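In what follows, a structure is listed as structure tokens, so that the remarks can point back to it.
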Amino acid sequence: MSGRFAVILAAGQGTRMKSKLYKVLHPVCGKPMVEHVVDQVSKLEFDKTAVIVGHGAEEVKKTLTEKIEFVMQPEQLGTGHAVKCAEHLLASQKGTTVVLCGDTPLITAATIKKLMDTHEANGAKATVLTAHAPDPTGYGRVIRGNQGQVEKIVEHKDASVDELAIAEVNTGTYCFDNEALFEALAEVKNENAQGEYYLPDVIGILRQKGETISAYQTDSLSETMGVNDRVALSQAEAAMRKRINEEWMRQGVTIIDPQTTYISADASIGQDTVLYPNTSIKGPSVIGEDCVIESGTEIASATLGRGVHVCSSVISNSVVADGSSIGPFAHIRPGSDVGENVRVGNFVELKKASIGTGSKVSHLTYVGDAEVGSDVNVGCGVVTVNYDGKNKHKTIIKDGAFVGSGSNLIAPVEIGERAFVAAGSTITDDVPSQALSIARSRQVNKDNYVKKDV
């Protein structure tokens, strides 16, 4: 019985990135490059997926949680050597093997499937994913025979002047008959400018044996882009951002200026939501339908319900329920839970705070480590004083309470249901339900305190 296998090459050090971070772990739209590739592969029915790792292997293993197998390439001796490291997993298997690069984050499942379909339809032993490159510098060239058949692939550094003029390039993605692949790998030599074992040499070896070699030429060179330095990383980021934004617009999201709008690969956005220019949706954020996200807003790994309005604010690792309004210039820090129809206004900071339905925290307020009930009014300049220099303490404000402007609530403290705190109070003890608490000195006016002749 024939199987389908995938090998993802992710062992390169990536010295041109000039980074301490392992190359394939550099993010594109918030997700590591290699994870983009694995996600696309996982959409197809492969019996086994192997990721070849070397430098930073443990970090790659931590990043990828799919059911895949990791193969160590102890020395980076070329792409042919990398695939050969998976011999113990695949060599005895009948079927088709797709080889992809872990630094090609734009590759899609649709293109991989077309490559495999072409391979199987032609009864080929190897099929190369190729593309037309206006500037083929750095790419391996696809050399074809008189009948248009693929004869071999020549790396840029080893190409002749005539071969360098060829614009059809090897993208680094292949489909092989699995048994033929590993038989040919045993014959690959490292007699080249780099002294490495090149996977493309398998094409020439199979062709010399009279085997059928085919090619599938994609019309999207950008999809096959390999990322080797920060310039290419920025180009991949721009292409992925464009793809993501256009997909959300097709699904009913209004993006006023796609060029200045960032949406992570893991985000989800509901229909009829409007994103203004200079907005950033990071991580696995979920934004409901009919929301308005105005300029200058950053939403990071947060969940927004339906009809939420956010203006020039930051919301991180928190939940905002239906119909609530945030900002301008509010900061919703991790662990906060904002209920339905809540108003969190300008220059308000929440941290590990829950705000009940219909409550208002409108101006210049800090609410941290707090539980605020429903229909509560928190006045301007209120501070929950939660830190004693060593430990954090909780403030509880129950349903219907009113906290006057300029009040300090010294935690741990509880404000009872429908209780009132007078403006300017410093509350150190619990306030009973329906009570009025005034915790400030009486006003004393000193007549003639300032002499008239001063």
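The count begins at 1 with the first shown residue.
Note: Cβ is positioned from N, Cα and C throughout, glycine not excepted.
Given the structure is predicted, the values throughout are model-derived calculations rather than measurements.
In Swiss-Prot, the acetyl-CoA site is described by ASN386, TYR387, ALA423, ARG440, and among SER362, SER374, SER405 the residue recorded at this site is SER405. Over all protein chains present, the Cβ of ASP103 (Mg(2+) binding site) has 27 other Cβ atoms lying within 10 Å. When the recorded positions ALA11, LYS23, GLY140, ASN228, HIS363 are compared by Cα distance to TYR387 (acetyl-CoA binding site), the shortest distance belongs to HIS363. Packing around LEU9 (UDP-N-acetyl-alpha-D-glucosamine binding site) is summarised by its Cβ count: 28 other Cβ atoms lie within 10 angstroms of its Cβ, all protein chains included. Residues ASN386, TYR387, SER405, ALA423, ARG440 are recorded as binding acetyl-CoA; their most distant pair of Cα atoms lies 22 Å apart. Listed in sequence order, VAL128, LEU129, THR130, TYR139, GLY140, ARG141, VAL142, ILE153, PRO200 are the same-chain residues at least 6 apart in sequence whose CB falls under 8 Å from the CB of ASN170 (UDP-N-acetyl-alpha-D-glucosamine binding site).
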